[in-house]
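Colleague: What follows is a structure written as C-alpha cells; I'll ask about it next.
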Amino acid sequence: MMQEIEQLPKAAQQLRRKADTHKGMFGSVAVLGGAGGMTGAALLAARTALLLGAGKVWVGLLDARISVDFQYPELMLCKAEQIFSPLQATHLLAGMGMGTSAQALQILGHCLASELPLLLDADALNLIAAHPQLQQQLRQRPSPTLLTPHPSEAARLLGTSTAAVQQDRPAAAHALAERYQCHIALKGHGTLVMSTDGQLSRNCSGNAALSSAGQGDTLAGIIMSLCAQGLELASAARVGVFLHGQAADHWLSTHPAGLGLSASETIYLARNALNHSLAQTE
Ligand SMILES: NC(=O)C1=CN([C@@H]2O[C@H](COP(=O)(O)OP(=O)(O)OC[C@H]3O[C@@H](n4cnc5c(N)ncnc54)[C@H](OP(=O)(O)O)[C@@H]3O)[C@@H](O)[C@H]2O)[C@@H](O)CC1
Ligand SMILES: Nc1ncnc2c1ncn2[C@@H]1O[C@H](COP(=O)(O)OP(=O)(O)O)[C@@H](O)[C@H]1O
C-alpha cells in the first residue's frame, strides 16, 4: 500500500531542540563531489546541510582548487581524499558533480567501505550502474544507505529506459530497493520513497518550479542534514522530500507562475518552512 504524504511527517518533531545543546549533537556531514566545472553542485549540497541545521559540514572536493566558500565560510573545504584520513564525519553524501573519473571511483569506494549513513546521488549512481563490484559493495553495507535517482539515473541503475521507469514508478522504486538493498527516493513529480522495510510513500508537495539545475543537490543536503540531527535515514528522506517540495510551494505565493526558483533560494525557503512548522506545533 502506498502512503500519500500531504503534510510534514511527525518524525520531524524530533528535530526540536532542547536548551542545553552543542554542535556535536547535530552531526558532522561530509559532502563528496565537485569535480572540475561542477564544484557548485557539492557546495549547494553542503550549504543546504549547514542551513538546515547540521552541526558541522565538510566539503571534500575532487577539484580542490578552491579552499573556502566565501559566502559560507562555516563550511570546511578540503581535498576529497582528506575526508577519510582520518574520518571525522558522522554522515556522508556523495556524487553531486563528482564525475565518473578514476578518482571519483576511488572516493566512492571509500564511501561504500565506511560504516556511516550514506546518501548517494548523481554521478555516484552512474558509477554504481556501471561497476558490478560497487553494486556488490553497496548491497553488503551494514549501515543505512539512500539512493536518490532522478528517472534517468533510475533507468541506468535498472538497465532500462527512462520511459519504462516513468510508466510504472512504484515498480521501479520497488525494483531498485530490491536490487540494491537500500532506501530509495525516486525523484520527479510525486517523488516516491521506498524504504527497506517495504514502506512506499508518495510525496504530494512540490511543483514545476523545482525543474532547474541544482535542485537535486539541495534535496540531498536537506535529507542528510536532517539525518545528522537525529532522524533515521528513511524518515529523513520522507521529511526532506516534503520540505523541499513545500519550499517550492511557498515560492508560488510570491511568484505565481513558478518561474525562476534557483536552488540557492530553495535552501532559504526550506529552512523557513522547517522552522515555522516546528514552532507552530510547540
Ligand atoms: N551547479 C552544478 O555544478 C551542477 C552540477 N550538476 C551535476 O551534473 C552532473 C550531471 O547530472 P544531470 O542530472 O544534469 O545529468 P543526467 O544524469 O544525464 O540527467 C539529465 C537527464 O535526466 C532526465 N531527467 C531528469 N529528471 C527527470 C524527470 N523528472 N523526468 C524525466 N527525466 C528526467 C532528462 O532526460 P531527457 O528527458 O532530456 O532525456 C535529463 O536531460 C551530475 O554530477 C550533477 O550533480 C547538476 O546537479 C546541476 C548543477
Ligand atoms: N515538476 C516537478 N514537480 C515536483 N518536483 C520536481 C519537479 N521537477 C523537478 N522536481 C524535483 O527537483 C529535483 C531535481 O533533482 P535532479 O533532477 O537531481 O536535479 P539536479 O541534478 O540538477 O540537482 C528533484 O527532487 C525532483 O523531484
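Note that Cβ sites are derived from N, Cα and C of the backbone, with glycine treated the same way.
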Colleague: From the ranges 25-46, 47-68, pick the one that TrEMBL records as transmembrane segment.
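Modeller: Checking TrEMBL against the ranges 25-46, 47-68, the transmembrane segment one is 25-46.
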Colleague: Could you look at ASP217, ASP249 and say which one TrEMBL places alongside ALA41, GLY97, HIS150 in the (6S)-NADPHX site?
Modeller: ASP217
Colleague: For the AMP site that TrEMBL describes with LYS187, GLY188, HIS189, GLY190, THR191, which of these is also annotated: GLY198, GLY214, GLY216?
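Modeller: Site partner of LYS187, GLY188, HIS189, GLY190, THR191 for AMP, according to TrEMBL: GLY216.
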Colleague: Same chain only, please: residues at least 6 beyond the ends of the transmembrane segment (25-46) with a C-beta under 8 Å from a C-beta of the stretch. Say none if there are none.
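Modeller: Residues 53-63, 66, 69, 72, 75, 80, 83, 88-99, 101, 103-104, 107-108, 111, 122-124, 214, 217-218, 220-221, 224-225, 227-230, 263-264, 267.
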Colleague: Among GLY97, HIS150, GLY190, please name the binding-site residues whose Cβ is nearer than 6 Å to ligand 2.
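Modeller: Near the molecule: HIS150.
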Colleague: Any idea what the Cα distance is from THR191 (AMP binding site) over to HIS150 ((6S)-NADPHX binding site), rounded to a whole Å?
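Modeller: Between the alpha carbons of THR191 (AMP binding site) and HIS150 ((6S)-NADPHX binding site) there are 9 Å.
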Colleague: Tell me, which binding-site residues from GLY97, HIS150, ASP217 are within 10 Å of GLY188 (AMP binding site) if we use the C-alpha atoms?
Modeller: HIS150
